[in-house]
Structures are given as structure tokens and as C-alpha cells.
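Quick notes on the structure that follows.
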């Protein structure tokens, strides 16, 4: 029997009995999910302090609908209730948590919750809620914050990944504009290499779609599946190319490495793009010696249906900036001193952009996916520009150091209740710890979010009529997904917001 998540148990234990801890007569609890601070985020120096909101629709469909239906509502009531009681009894103590409210929820047959949210793909200012949630039936007031644990766990990562992916795209777009490179090429310049370093394959899928909001280059196969299933993705969702790994090169043996390259280039992949890991033994020898011997084979490869016939060399170790742009401390005029891009230029030549920056011959290219961060990517692009090369000469492999070296605290995401109703009377709730720096101070009361010149602005302490206005729209209500966005629509929203960065340096 395979392991399945019981949605009732997707909580922290302390949530189980909060129902009794609320004041007698509690009827409604209203909470929000908000990025509070970028203090711990390792972003670029000119980061504008906005996150990309993404991931809610997938969470709603996968967890709030599918998992709850399959794991609770569609199961025999006596069975699921007894399982829940056993879990509570064995960990919290016999009879510590009653089950009548769980039985009532099963009888109801759906989650009596309403979630309002900003459009996915919005870039949202810090301390502005991206969503609110409230129970729709007074009997189930406890349910709003019962789902806090899973809502937070499932949403912070997708938004954080999408935010970082957008930052890579912003950086690449700015350098494409500066050096006259093709803007259309940027969507393949960030390639997702992160799957093997993520927290499980589901995490790789879910996070990987965050990458796909800004790029189409990916090796995360499951991310495309997730995008198709939960975001109606169609057309070009994600693309990759044939590529080798070190085991392939090692099996070919060091003494036959040149022949391994030749076989890959001429026999296995005589057309299209092929990426070959090139530092299994001596990267500089591959570029300065092997590529010269294989030059005519490389130039004679046949373009595929897309007109592509490129051999991509992949270094996978060392200092990325020095490998690509050259090491000024190396012996002068050696391959290490010149760097990979300059070496390929000397061997294969190329063309120039309208701004006068060099573009490698269309038959060769580079991809670097080891130890890439936003800061290293920026340093490489600066180095290429200084050497007179366009930014399009390199593809960045973005790995788990970027997409998994983060936490919920990267952007301070938190779920907080700000309003409730007890015996028919509303109560404005807020926290403001005297021992805190101000980051944990919450909004207060019912909330409204409006568009502003700088993104979005929060208005708290709103009336019910005011709360119904603004940019937060109902996306989930009483077990149903009410409003859908496709991946294409999300990409378009982000692309529109990218326009303002094209003229900035």
C-alpha cells in the first residue's frame, strides 16, 4: 500500500484543539497569507522588494479538492474518523481531541472555505497579502486556521521560486538590451537543473513550475506535467536538449575522449543541439585542442526543423566567472587566462550585434550550471560585456543551490488571522510583539488590496463592503475552484511587468 497524505493530518498538532480555545460563540475566522520581509533574501542589489505570487491554483486543485475528496470526503466516515481519533489519542492523550466536528465536516461533504487572491503572476509588494481565507459556515470557524500549516508549506516555495526566476530573467533581459542580444533568446537562457537537489520529486515539480513562469528551459520533466494538469499549460511549456553526463564521458574513457565527442557530434546527433559535459578531465584541452580538430564536423552539422545545429560545451567545475570570462591571474595567453568564450571566438568566430558586441558562431555555445547564483550570473554577464561579448553567448543552468537554498523566511511568508466574529459581533485582530523589530506586526481587521503606481497597496480595518472591493477575487469557495489562470496568462502578466526593466541598467 502506497503512502498517502491524510488531509486531516496535514497540520501541526497544536491546531487540533484550537477549536475549543477560541472564545465561546466564535463564528468566523478571517486570515491572510503575506510576504513580510526580504531581509534574508539573497537577491541582486537593485531588487525592488516585490515577490511573484504563484502556486495557489495548483494547491487548491491538488490538495484542497483532490486530496480532501480522495482522502476524506470520499472515504467511509467511520474509518477516517477512527484513524483521526487514533492519531490524536496516541500523541496527545486519550480523548484529548473530540471528533464530533470532524464527523460534521464529513457529513457536509466539502470544505466550507472561501479564498480570495490576487491574480497569479502578480508582482506584490512586501507586507501586502496575496490571499485571504474565511470559513463560509459558522459551525466550521475552526477550519480557517486549521489549514494554515499546509497552506503555508505548499505556497511559500512556489512563490519564492517564481520570484527568483523572475529576477534571473530581469537580469538577463537587461544585459540583452545593453549588448544588443536577442530578447527572444532570454526564455531559454535560464535552464532549470534543480530537480535532483529538491526536497522530493513532488517539490521538484511544484517548484519547477515557478521557474517556468519566466523561462521555458528546463530539465524538470515533472514540472511540465504539473503545469499541464493544474495550469492548463499548452504549446511550448518547457524545452530541453540531448545532453551527456560524466558517466557517459567516463565510459568512453579518457584516451578516447576525442572520439566520444566525434561520435556524439557526427553519429548520434548530426543535427539540432547537443550539450556535452566537457570538464570530465581537461576542459581547456577540449576547447583548445578537440574543438579545433572537430571544427569542420561541428560546422557541417545539419540544422534541424528549427534551424538549429549547435554544439554546446558544458564546463561543470571551478570558478564560473573565471571559466567563462578568463582568469586574470593565470599565465598570460593560456586558455585559462582567455576563458571559454574568448577561446571559442578565436576558433569559430561569429557575428556582431547592432551595438557592436560579439556573438559566437551559431554552431557553438556554452552552458554553465555549477554553483550559479544571481550574483555569479551578474558577474559573468558583466565580464562578458567588458570583453565585448553579448549576453546571449551563455545559458545558465539554475540548480538547487538557487531553488532549494531558501526557506519560508526568505520572504517572511506567514498566515495570520486579522478578523473574527463572536456572537454576531466582529473583532479586529492583530499582533504587535514588543520584543520584535516590527516585522511580525500584523495587519488588522478586514483587508482590501488595491493597485497602485508602485504595485499593490494594503488597506486594513475595512468594512465588509470595502472588503468586497479591490483586487482580491474569489478563487475557491465551498470545495470548488471558481477562477482559473493558465500558465500562458501568468507568463503574459509577468512579461508585461518586465517591460519596465528593459530600459534600466
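The backbone N, Cα and C atoms fix where each Cβ goes, and this holds for glycine too.
Feature annotation from Swiss-Prot assigns diphosphate binding site to 196, 246, 314; the stated evidence is similarity to another entry. According to DSSP, residue 314 (diphosphate binding site) sits within a strand segment. The C-beta environment of residue 314 (diphosphate binding site), restricted to residues of the same chain at least 6 apart in sequence and closer than 8 Å, consists of 243, 275, 276, 277, 278, 279, 366, 367, 368, 369, 397.
Look at Swiss-Prot and you will find 219, 314, 315, 316, 369, 370, 408 tagged as beta-nicotinamide D-ribonucleotide binding site, backed by similarity to another entry.
The binding residues for diphosphate are recorded as 196, 246, 314; their greatest pairwise CA distance is 18 Å.
For residue 219 (beta-nicotinamide D-ribonucleotide binding site), the same-chain residues lying six or more positions away in sequence with a CB closer than 8 A to its CB are 191, 192, 193, 195, 240.
Cα distances from residue 196 (diphosphate binding site) to the binding-site residues 316, 370, 408 are smallest for 370. With respect to their backbone Cα atoms, residue 316 (beta-nicotinamide D-ribonucleotide binding site) and residue 246 (diphosphate binding site) stand 10 Å from each other. Cα separation, residue 246 (diphosphate binding site) to residue 408 (beta-nicotinamide D-ribonucleotide binding site), rounded: 34 Å.
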